[in-house]
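J.: Quick one: structure below, then a few questions.
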Amino acid sequence: MKTEKISHVPNKEIKANIFSRLVFSWFTSLAKIGYKRPLIQNDLFELRPQDFCSKITGELEPKWNEEKKQTKPKLINSLKKQFKKPLYLAGIPKFFASACSILNPILLQQLIKYMSDSSASQSTGIILVLFLFLSGIFRTILDNLSLDQVIKVGFRARSGLTSLIYRKSLLINRKISDQQKKKQEPKKEKEEEELKEKELKEEEELKEKGLKKEKEKKLTKKERKALAEKQNEEQIKSNLSSTGQIVNLMSGDLTKMEETALFFHVIWSAPLQILVCLALLINLLGAAALVGFGVLILSFPINRFIFKKFTKKNILFMVQTDSRIKIINELLQGIRVIKFYAWEKIFKKKILDLRDKEISILKKILILRVSFTVLYTMLPLLTAVTTFVVYGSTGKKLTAEKVFTSIALFELMRVQLLFLPWTIVSFSNFKVSMKRIETFLLSPEIPEENREIHRQRVDPNSNEVQITIQNGSFTYDTNNNQNNNNNNEIDIKKEIPLEEQKSQKQVLLKNISLDFEPRKLTMIIGPVGSGKSSLLAAILGEMVQLQGKTTIKGSIAYVSQEAWIQNGTVKENILFGHALDKKRYNQVIESCALIPDLAVLPAGDSTEIGEKGVNISGGQKQRISLARAIYSNADIFLFDDPLSAVDSHVGRHIFDQAILGKVLQTKTRILVTHQLQYLPHSDFIIVIKDGEVFAKGTFEELIHKGVDFSNLLGDQEKRVDESETSDDDDDDDILDENLNKKNKKEKIKWIDLQPETESDPFGDDSDVEIDIELPPNENREKEVSKEKVENKKGELVKEEEREFGAVASFYYKHYIKVAGGCCILFIVIVSGIFRESFRVAADYWLAIWTDGTIFHDKTDRFYIGIYVAISCGMFLFAFIFSAIWIFASIRASKRIHNDLLFAIARAPTRFFDTTPIGRILNRFSKDVLDTDLFLSANFENFISVGISLFAIFVVIVSVAPYFLIPLVVILYIYYKFMQYYRSTSREIQRLQSISRSPIYNNFSETLTGVSTIRAFQKQKEFIEINDSRVDENTSAIYCNFSSNRWFGVRVETISSIIVLCTSIIIIAQKDKLNASFAALGLTYSLQVTILLTWLVRYGALLEQQMNSIERCVEFSSIESEKPEIIPQHRPPKNWPNLGKIQFNKICMRYREGLPSVLKKVSATIQPQEKVGIVGRTGSGKSSLMLSLFRIVEIYKGKVEIDGIDISQIGLKDLRDKLAIIPQDVVMFTGTVRENLDPTKQYSDERIWEILEQVHLYEKFQGLEEKLETKVTEGGDNFSAGEKQLICLARALLKHPKILVLDEATSSIDTETDSLIQKTIREQFKDCTVLTIAHRLHTIMDSDRIMCLENGKIKEFDKPSLLLRNPNGLLSQLVHKTGPKTEAHLKRIANGEESIL
């Protein structure tokens, strides 16, 4: 468990003085570092004490728990209680900043009066200018102070909610959520049907009466609205427990919440400023101003319509994004199986179909946003036009004072009205996001009384029963009454009869009454899907108890059927947060048969294991999982069939040395198993059938009771009955004997086989003898755990790469290119220039109008006509500017996502071995969301504001040419500040993006292993890890926002200096300048402050969000596999018609520069031949299979199938014709039919035929939806055995000429295994079958067996011939299984017995 903490620079804000806090000079030191060199995580400031995630959540969680007790709990209420004080206090500086903003037009009015009054003294003008300057400075300080406070509230709330979501994920049971969802679907359909029936009935009644009742019509609308809201909520709930949905909650919803904090005080300050401006306008223009106000009022219905549509579309967009991320997560989780079956195209189509729906909604959102923006950008102009037209039509004269003061007021209104729609949109997004997060936090979870049931330690010598279940019935449905638990006991008594409950719930375990004695080994057996794993889940508290009483005393360790491995070192996975006890640690790894594995790993137990254990075999994963449980030294051990993933001799070693050995002999052990040869060694046996206890007792008792063990054991009893091995065999060390005895030394010879550790993700089990030198037992303790390789020798997952310096121009060019090219950009810029030209022309025309000296003989109607025409031109080009950019940005979003998807789907598997899934999901979620919604808007705004600012400087210089002199100096200072800011904020943004991925990785990993985490009671440790990672990300966010405020104060101060310089120059030229044009220059100078600020802000946001393009393009340009189809080299349609495979001197390595893992391997496998493949760890078994599927390309030699060189044909043409059944089964959300036949090639009849062959016919015929039965994420609603059978059915359905089996039946019971082995031999009798052996009996009847060693074929012949050589590799492996099994295997090899 990685809990390393990064050291940061002490937070300088804490000790900063009041002046430093007001102007953010405490941040200057970091800005200087960022200017000199690229920042690293250690350079960032440490968080303030109140900003740490644990502190925030510690205060927020109790408030949310209290809120949940309400009838209708609202998350927003908890947030209000937590953050309302700092949030409301931030409104005080915002109020005074707003007052300063309104003061500017008033001071401008006085300045224009001063310019028009020839008798006014110059000192009056200077005083007014100083007041104008100071007003700007005060507004800058107060506004940034307010923003700083609300932003801190925003990221603190985000941090707290991230932690709450994580804590919730530790309480979720996917099966509970899936059960609830399944139960809700028919209910929803029923509600819809009832509503439709009611509507039809009402329509018939109204037709008979010949009238329509308005009241009833309204009632129906309400019902429709309520149903629509409920359906939206159900849509949100549909993906509750999926990794994709949770990632989207964090990447999308919490980001939107953070943005809402920015606009929090705009919701009241904007309307306030608008109303004050309106009052000033009425005072200035009289009743004519009310006409302008009427235009504003008329815009509200349009605003409301757009707002409602926007909210609705935003909900749909987020739901659609959830669905897309969910499928992408499945693509990444199952990428190897997808590549083996050449299903990339199918998944790409699924994702692209969802993306098309998402883009369709996005298009509507952006159109609504542009409508919003254009309307509110043009609204002040429309207001000004109507106001001046009405004022002019009354015969009153427009003066410069009235016009340009009005323009300044209208401009202030325009800015506020520009913010207001964004604020409304932001609050709309916030409302949607809060609902989604709230729905997740209120979703079904593990019942409260199940969570703390096994913390109490017990006396190891006590004879007190540790686990008791009395008449218990269990389900995954949470709709039940729950009683309190006392003293670590679950005590649930139901008054409702079980039969009544069964009609409402799916009862999986019924009438369970069991006592598990202390220090005893209890074994649980039963057919596939009988409820064995469910019984363990019930003990763990993962299920809901409907009736009966369960008592559990003592701590629990759990080994799941599908081993859960963390991304960390082998040692970290075994210790699992416990302190290192070297003696116990070495006892554990020896008892779990891990010593040989540590010898061949590149850094021993310091070797890093990839995500989900991608770089180790299935057996290694299971044994590390087993070692983790044993090392925990718990009181009770639950083993869910861990021996199925390992070879028989290693399984025997684990059973003898671990489960029966000294390390656990004083512990209570419960073992679910299909390997019935171990039954005689048990103290107690429980037989489960159809969710009930079929039989229980000791082995002898069950035989006396007449339990037909021969039927249960089948031929297993006579072929693998290692329970009857002699005492002499038991005395031998199963793994240690026959090692290199001649050169036995005092330490292990550590062998560097790094390439093979990567070669073994698909079942290259290490469960065989390895040619290494073991030390004597007394010295082994200090040697095994010693780190042989320091630095980075054992690391697998690479650190996330980041660019340095400015975002390269290439990425801007790339974005423009995918948006439509330079032509589109040119049209957009030209449209913007025309729009701004018309805006400036309108203001110039007002100056000419008020001056009255140029067209002195024209009436007001002439001026009004021209003014309206110019305004219409501005409106037209504003619409063209925004509309063109919308469609360009949508095109860019679509292309960037698709390029990323195609690159990831076509990436080689080694990319996924070294790249965490969370890192990839980060691109598809946050980075794509930034591209969709924010990058396009900021790009448009940056161009728009840049053109406006340029136009303003042109106007000011045309009015006051001397302004050029201070402008050069001011722009130089501005440029230097911008350099500091850009270089700093850019790198902080990159660090923010990089620090986000570990949060997603941890979420993904936690959701996969949540049952294990709960069983070990490690929730606290994992919460600490999550909080630490959130703090790292928050530190970057804190510094990022602080850099914005630091620069904001400085750039707005520069803007105030521009106003000061412009005003002084104009005052100095008072006698030479026309009052109207002087007023125009002063008015425009006031606009510089806001525009210069937003230019920089949009520029910084643009560069920061271009980082998303940078990251997406980075993954879009990764190395790709060879082409899927090569048109000129397509094989015949009936290829391969024989199934002959020829390996001709093939050499393979995983990357250039690494040693070869296959070395000139040559072999010919005849058509329809059945070949077993065996070998020690690192021998190349899986590498050979990977070369056959071209998962990894060979660099020498060639592989031919039916005479065709497979390197010359496309990957899809190759993989479509082969099939593999991997040990790690993978299932996808959808239906059973889609999992069996995603290409939709086969009929239902054929599928049912195949299901009958794999003995699942009755299972699915008994389900209501049959082939359309839903499969949840990861196939969690099926047992491990059922999932393995479904994967077997895939291969049977495909019926290829060449089939590869990798321990295809490890998780199923012996009887079913025997039937499946028979099915495989019958159905694939005309096929070539290659079987990677883990259990030797499955291959001993093969035509030939290939023995690999160190990347070369050591033996390849008939098993009967190979066994004649006592020194041969196969003979050694067979000998390791024990005398009886050895004899049995030899009889199979000689054809004297059958394995069936």
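Each Cβ is built from the backbone N, Cα and C atoms, and glycine gets one as well.
Unlike curated records, TrEMBL annotations are generated automatically.
What TrEMBL lists as transmembrane segment is 87-108, 120-142, 260-282, 288-307, 366-391, 403-427, 815-834, 862-888, 942-975, 1051-1069, 1075-1096. TrEMBL lists 95-429, 826-1104 with the feature domain 'ABC transmembrane type-1'. Marked as region 'Disordered' by TrEMBL: 180-201. Sequence annotations record features per position, and here TrEMBL assigns domain 'ABC transporter' to 487-715, 1141-1375.
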J.: Six or more residues out from either end of the transmembrane segment (366-391), which same-chain residues have a Cβ under 8 Å from its Cβ atoms?
T.: 281, 285-286, 288-289, 291-296, 299, 302-303, 306, 309-310, 313, 398, 403, 406-407, 410-411, 413-414, 417-418, 420-421, 425, 839, 842, 846, 864, 867-868, 871, 874-875, 878-879, 882-883, 886, 889-890, 936-937
J.: Tell me whether the transmembrane segment (815-834) sits in contact with the transmembrane segment (87-108), defined here as at least 3 Cβ pairs under 8 Å among residues 6 or more apart in sequence.
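T.: These two segments do not touch.
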J.: Take the transmembrane segment (288-307) and find every residue of the same chain, 6 or more past its ends, with a Cβ under 8 Å from one of its Cβ atoms.
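T.: Same-chain residues near the transmembrane segment (288-307) but 6 or more away: 274, 278, 281-282, 368, 371-372, 375-376, 379, 382-384, 386-388, 390-391, 394, 421, 424-425, 428.
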J.: Do the transmembrane segment (260-282) and the transmembrane segment (942-975) share at least 3 Cβ pairs under 8 Å, sequence separation 6 or more?
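T.: As far as Cβ distances go (cut-off 8 Å, pairs 6 or more apart), the transmembrane segment (260-282) and the transmembrane segment (942-975) do not touch.
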J.: Given the cut-off of 8 Å on Cβ pairs that are 6 or more apart in sequence, determine whether the transmembrane segment (403-427) and the transmembrane segment (87-108) share at least 3 such pairs.
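T.: The transmembrane segment (87-108) and the transmembrane segment (403-427): touching, yes.
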J.: Should anything in the same chain at least six residues away from the transmembrane segment (87-108) have a Cβ under 8 Å from its Cβ atoms, list it; otherwise answer none.
T.: 128, 131-132, 135-136, 138-139, 142-143, 145-146, 149-150, 153, 261, 264-265, 268-269, 272-273, 276-277, 280, 404-405, 408-409, 412, 1079, 1082-1083, 1086
J.: Please give the sequence-distant neighbours of the transmembrane segment (120-142): residues at least 6 beyond its ends with Cβ less than 8 Å from one of its Cβ atoms.
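T.: For the transmembrane segment (120-142), the list is 22-23, 93-94, 96-97, 100-101, 103-104, 107-108, 110-111, 113-114, 1048-1049, 1052-1053, 1055-1057, 1059-1060, 1063-1064, 1067, 1070, 1089.
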J.: Going along the chain, which residues at least six beyond the ends of the transmembrane segment (1051-1069) come within the CB cut-off of under 8 Å?
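T.: Hits for the transmembrane segment (1051-1069): 111, 114-115, 122, 125-126, 128-129, 132-133, 136-137, 139-140, 143-144, 956, 959-960, 962-963, 966-967, 970, 973-974, 977-978, 1078, 1081-1082, 1085-1086, 1088-1090, 1092-1093, 1096.
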